[in-house]
Ligand SMILES: N[C@@H](CCC[C@H](N)C(=O)O)C(=O)O
């Protein structure tokens, strides 16, 4: 029996296991099983809490298909609430080791069910090498790609994880289940990519539809929202502080001192035990 907590950030939902005080089986297999919405608990992703030698605590993240991802924006807010509530860290500001480097959450408000958390996500990177993009171009910024006879202007960026950002005039015209999947698996991105379609409402408000690598369409993606905000400020000179509206709610993204700060909720759904046999 494995103790777990289920949480969500803007409808992007996760199972978290304490991997310090209990032994866990193979994480990739466990993620596939617990995230299954019919035969498991049901979630977009799974996180494991581990001890860190370089930071206060370590977060491992897995997508619903069992693949490991370097980081998760909505996930790290939930992770931060969990380790703070369980007193696995000290203080309201701490460091979390992830495969994408050290992230710095700060608990802004804390209640039993819902907390608000700011996370310093670090910098955005555009190099094609970091994205593992199959191109000779140094970066992919507003480049045309063709999908089913339609041309999309795509930008690729690393903000914790890898993201394609595509600005469109009307999100209603995007069939994300078809186009999202095709871009995720496009030959330009041999390691696959998360896909964010973005409509600028005004200088400080974006609407974003998310297709996540290893999951499919989700209600929100924190690092995707941050990627959209960064690319928007470069291509369209939008504000350095924007509200990104997603199907599951709104997250605030601020770029200051060359770093990206994400602020949003983290909410507990339930706690329980998972029977792994
Ligand atoms: N939901 C996330 C991102 C999760 C990882 C992603 N699917 C990947 O494979 O990179 C977020 O909120 O950032």
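Cβ atoms are placed via backbone N, Cα and C, with glycine included.
Together with 12, 73, 74, 194, 212, 213, 222, 223, TrEMBL lists one candidate of 21, 63, 205 for binding substrate, that being 63. A separation of roughly 11 Å, to the nearest angstrom, links the Cα atoms of residue 221 (active site, proton acceptor) and residue 213 (substrate binding site). Here the Cα atom of residue 223 (substrate binding site) is found 6 Å from that of residue 72 (active site). Residues 12, 63, 73, 74, 194, 212, 213, 222, 223 make up the record's substrate site, and a Cβ search at 8 Å around their centroid adds 44, 45, 69, 72, 75, 161, 210, 215, 218, 220, 221, 224 from the same chain. Annotated pair residue 213 (substrate binding site) and residue 72 (active site), C-alpha to C-alpha distance, rounded: 12 Å.
Counting every protein chain shown, the Cβ of residue 223 (substrate binding site) has 31 other Cβ atoms within 10 Å. On the backbone, the CA of residue 72 (active site) and the CA of residue 12 (substrate binding site) stand 10 Å apart.
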